[in-house]
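S.K.: Have a look at this one before I ask anything.
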Amino acid sequence: MRHLQASINTRRLKRPFVIATGARTEQASVAITLSQGSYVGYGEAVGVSYRGETPETMMSEIEAVRGAIEAGADRMRLIQLLPPGGARAALDAALWDLEARRAGTTVAALCGLEGPVQPVVTAFTISLDDPDGMEAQARAASHRPLLKVKLGRRDGLDGARAAAVRRGAPDAVLVADANCGWTREDLPHHAHELAQLDFKLLEQPLPPDQDPLLDDFRSPLPLCGDESCQSMAELERAARRYDVINIKLDKCGGLTHALEMRARLKALGKGVFVGCMICGVRAIAPALILAQDADFVDVDGPVWLAEDIAPMELDAQGRLGPVPPGVWGGMGETLS
């Protein structure tokens, strides 16, 4: 018989995180501890706020399936029990961790990796601000190889923001994320500006319900769908309009479903972007497995936290990972 514990954790950020839809100075998550005999698996997720998820709704979902999980439901059964989202992502992670520890192996090995999880070059986020502020952020991060630039504030300054970041980080690879903040009328001008500044990718320029307006748009740079593709249910439709899809564990409901999405995208010849919410090390750990052969990676979530069970930072090459021993991923002693 298993024993499931769930709790809400709130952590301060090192600095405000600002995107087109708002700002935050702290991040709440739901943490899972799933024990079976002497073995313990951990999971954590923050959920998807724009879909109405909160720590409280996630806790309610977890409580609704407590009996099934404690009775032995596995990851595939979990997909039937809960819809995509944060609650399922947290439970899925705990089930992976527990499964690997009971088998005396690692989650990486269960996923078919031939060796341990390797560090991945991740985007470092330039938070939305006025052009001068974003140039200062970019200059401070100019040694990073990949920067993700938050745009989408409809004040006529997004072109100036993008140019300011390019000035601040002339050698970095830049990708832009409008977070649904533009209109179809804005798009051609902004996309052309970004292409002229040698941005490599434009993520989610329009709200998902306006995706049909992309059908006649010929973008000068690749388009990436984020909010437009939550899980396999939207993947085929999104793949017709986007060159790259951003997979986030909180959106799709965990690593099990994310691996299916990655395989399907590769079969379709589409690019894979592995993203994250602002989150702790236990929430990012499964994403690092998914990111091992991704085309774009944005897993700097733990870097924003002022406190965590095992703080992580990017190395000099802009890489994150692997997670410290005992945090998540099977085998070994666990950090409580």
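Even glycines carry a Cβ here, placed using N, Cα and C.
Curation does not apply to TrEMBL; its annotations are automatic.
From TrEMBL, here are the annotated features:
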- 131-224: domain 'Mandelate racemase/muconate lactonizing enzyme C-terminal' (DOMAIN)
- Lys150: active site, proton acceptor (ACT_SITE)
- Asp177, Glu203, Asp226: Mg(2+) binding site (BINDING)
- Lys248: active site, proton acceptor (ACT_SITE)
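If you look at the structure here, what lies around each of the features I listed?
M.R.: A sphere of 10 angstroms centred on the C-beta of Lys150 (active site, proton acceptor) encloses 25 other C-beta atoms.
For Asp226 (Mg(2+) binding site), the count of additional Cβ atoms within 10 Å of its Cβ stands at 24 [all protein chains shown]. Under the three-state DSSP scheme, Asp226 (Mg(2+) binding site) falls in the coil class.
Taking a C-beta cut-off of under 8 Å and a sequence gap of six or more, Lys248 (active site, proton acceptor) has these contacts in its own chain: Val48, Asp226, Val274, Gly275, Cys276, Met277, Ala287. According to its DSSP assignment, Lys248 (active site, proton acceptor) is coil.
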S.K.: Provide the three-state secondary structure of Asp177 (Mg(2+) binding site) computed with DSSP.
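M.R.: The three-state answer is strand.
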S.K.: Limited to the domain 'Mandelate racemase/muconate lactonizing enzyme C-terminal' (131-224), I'd like the whole-number average of pLDDT.
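M.R.: Taking every residue of the domain 'Mandelate racemase/muconate lactonizing enzyme C-terminal' (131-224) together, the mean pLDDT is 98.
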S.K.: Please list residues from the chain of Asp177 (Mg(2+) binding site) whose Cβ is under 8 angstroms from its Cβ, counting only those at least six apart in sequence.
M.R.: Ile19, Lys148, Val149, Lys150, Leu151, Gly152, Glu203, Gln204, Asp226
S.K.: Taking the recorded Mg(2+) site as Asp177, Glu203, Asp226, identify the other residues of that chain whose CB atom sits within 8 Å of the mean position of the site's CB atoms, giving them in sequence order.
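M.R.: Neighbours found: Lys148, Val175, Ala176, Ala178, Asn179, Leu202, Gln204, Cys224, Gly225, Glu227, Asn246, Phe273, Gly275.
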